[in-house]
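Reviewing the structure listed below.
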Amino acid sequence: MASYKVTLKTPDGDNVITVPDDEYILDVAEEEGLDLPYSCRAGACSTCAGKLVSGPAPDEDQSFLDDDQIQAGYILTCVAYPTGDCVIETHKEEALY
């Protein structure tokens, strides 16, 4: 099992967490005490949306996001597994629309 360094750029500053490749980014962020937005925890809404700044795109169920949003780098942290070290801007739900 691999683990990756995920930098979360929140309104309160940058936080670096280590996320195993078989755990959701949101779940590990919560375990580390970070307060990130979420609602459904199933990839069926956009409350937890983030935007990939750098690094490989996480492996996720992107069924809620449309092709343009995916191309723009948006992800849903509640259903995203890291595939490498990456930087993600959090709190991006409003930017989706």
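Placed from the backbone N, Cα and C atoms, the Cβ positions cover glycine too.
Worth saying up front: this structure is predicted, and the values here are computed from it rather than measured.
Across the domain '2Fe-2S ferredoxin-type' (4-94), DSSP classifies residues as 16 helix, 32 strand, 43 coil. What Swiss-Prot records for 4-94 is domain '2Fe-2S ferredoxin-type', and it gives sequence analysis as the kind of evidence.
Under the heading [2Fe-2S] cluster binding site, Swiss-Prot lists C40, C45, C48, C78.
Taking the centroid of the Cβ atoms of C40, C45, C48, C78 as the [2Fe-2S] cluster site, the other same-chain residues with Cβ within 8 Å of it are L26, Y38, S39, R41, A42, G43, A44, S46, T47, L76, V79.
In this structure, the binding-site residues under consideration are C40, C78, and the one with the smallest number of other Cβ atoms within 10 Å of its Cβ is C40.
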